[in-house]
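Structure first, commentary second.
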Amino acid sequence: MAIHIHSGKKHLKCNLKESKLQSVPFRIHADCDAPVSTFFEPYVQTGKNDNDKNPNLTASFRGYPLKGRKIELPEGYVGVLLHESSRPSREKDERNFYVVNKFKDMVYWNWDKIPSKNDAYLNVLDWIDVAEVLHSPITEE
Amino acid sequence: MDNPKSDPVVITNLSTLESFLSESANFRNVSYISPIPEVCKEYPCILGIDEAGRGPVLGPMVYGTAFIPINDQMLLEVLECADSKALNEEKRDTIFGNICEKSSKMGWAVEVIAPNSICNSMLGRSKYSLNQVSMDSAIGLIRAALDNGVKVQHVYVDTVGKPEKYQEYLKSLFPNLDIVVAKKADSTYPIVSAASICAKVTRDHSLKVWDFVEGIDVKEFGSGYPGDPVTKRFLVDNCDPVFGYPQLVRFSWSTAANALENHAYHVEFEEADEDNNTPQQTSMSITSFFKMTSSKTKEKTMHEFFTQRCLSRKVEL
């Protein structure tokens with residue numbers, strides 16, 4: 001199965017509007033637009049006694065309390081949103097994705113738990129540093 | 001019980017009550033305490049506590065308190081403070097206005113518990129029940145009165161649960177006060193009726209000035225009781241398939257939850273027990289030790305560094 005990602009470079013160079021990403025701790029069985037700016041964003045509040053640089057955030061989804069934190073992607077990386085117009089029915093078929101948007105940061109939300117190093121998705125970024133050390137070419141001094 | 005506003009607002013009638021409510025964010029809990037009359041600081045007082053809006057599927061739950069010197073309690077009769085549920089809305093509004101006017105004799109306070117704050121308590125990781133929310137609010141009101149210098153001696157609290165346990169709990173927190181917790185206290189004790197009126201009027205007016213953060217322009221949503229056709233209509237007409245309802249609605253009520261099942265996208269939430277990621281397959285059946293076939297050479301597993309981060313190899317190099 002081949003996977004194609006289209007118009008990546010071209011798109012990223014021209015200034016795509018950066019998207020706001022909210023990573024939420026539940027699965028909504030839908031793929032559609034949602035009124036995030038009126039039903040979600042106005043309720044995002046910044047914690048009182050936190051460090052200003054990366055304060056804890058709170059919000060709510062269908063009555064569930066959420067605790068979140070802004071996650072910046074490491075220097076030199078950019079996040080991309082991919083869109084697949086039609087998913088092939090067979091496993092072997094090629095899949096085509098298109099870059100539709102990009103992001104530099106996202107808000108990672110947990111259900112009633114402050115995001116921390118216990119969250120796999122936050123730790124995953126460690127790999128980038130480790131990979132850098134492991135795989136960067138060795139230069140003779 | 002902290003009021004975030006810098007210059008203290010004084011509520012003197014229904015319209016100042018409404019402007020106080022509409023200026024406060026309706027998705028956060030808000031407290032108000034009236035100026036304390038000098039007589040309440042000087043002479044021993046009775047203090048009543050009651051709640052409004054515990055049952056409805058929408059709007060805040062309001063806890064109210066009223067206090068007056070023991071020697072002045074005849075005033076409550078003059079003000080016609082009786083069971084607030086037996087009074088109509090207009091009458092309650094009038095009595096509330098009169099209570100405000102007697103600011104040299106008696107004081108009052110309310111805590112408006114936002115519907116979203118109720119949901120968040122009930123749908124949190126560790127359950128914080130509505131009863132506990134209620135008790136903590138009542139305790140907060142007693143503390144606020146004491147902190148503001150009210151010479152509280154007798155406390156009367158209306159309860160929906162078992163009065164004995166609740167009374168004992170309050171007595172353990174406030175050993176110096178005489179505390180009576182009783183069912184239907186609002187029809188028995190005029191000071192509880194006064195508290196009840198303050199709470200009910202605050203809830204009614206908070207709904208009247210409710211400004212939807214979500215930008216919905218609806219003024220009619222009924223009493224919030226599941227049987228009310230206006231409320232039913234509201235829940236049908238104002239359901240967003242992704243977010244469900246505006247935060248006026250208490251998602252943790254079965255009426256709302258059931259309606260969402262039918263009108264909104266299904267959402268899978270994390271289960272509370274699932275939380276501790278116990279390592280999988282640690283238990284082996286005892287018979288496995290007796291298997292004749294030698295176990296295959298162990299499959300090469302990835303280091304914890306990767307497994308803990310849900311990282312796996314997707315491309316063979």
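Keep in mind that glycine also has a Cβ here, set from the backbone N, Cα and C atoms.
TrEMBL annotations:
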type	residues	note
BINDING	B:ASP50, B:GLU51, B:ASP158	divalent metal cation binding site
DOMAIN	B:44-265	domain 'RNase H type-2'
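Other residues of the chain with a Cβ within 8 Å of the Cβ centroid of B:ASP50, B:GLU51, B:ASP158, the divalent metal cation site, are B:ILE49, B:ALA52, B:TYR63, B:GLY64, B:VAL157, B:THR159, B:ALA185, B:ASP186, B:VAL192, B:ALA195, B:SER196, B:ALA199. Sequence-distant contacts of B:ASP50 (divalent metal cation binding site), defined as residues of its own chain at least six apart whose C-beta falls under 8 angstroms from its C-beta, comprise B:TYR63, B:GLY64, B:SER84, B:VAL157, B:ASP158, B:ALA185, B:ASP186, B:VAL192, B:SER193, B:ALA195, B:SER196, B:ALA199. A C-beta separation below 8 Å, combined with a sequence spacing of at least six in one chain, links B:GLU51 (divalent metal cation binding site) to B:MET61, B:VAL62, B:TYR63, B:GLY64, B:SER134, B:SER137, B:ALA138, B:ASP158, B:SER196, B:ALA199. Confidence for the domain 'RNase H type-2' (B:44-265), expressed as mean pLDDT, is 93. For B:ASP158 (divalent metal cation binding site), the count of additional Cβ atoms within 10 Å of its Cβ stands at 24 [all protein chains shown].
The DSSP secondary structure for B:ASP158 (divalent metal cation binding site) is strand.
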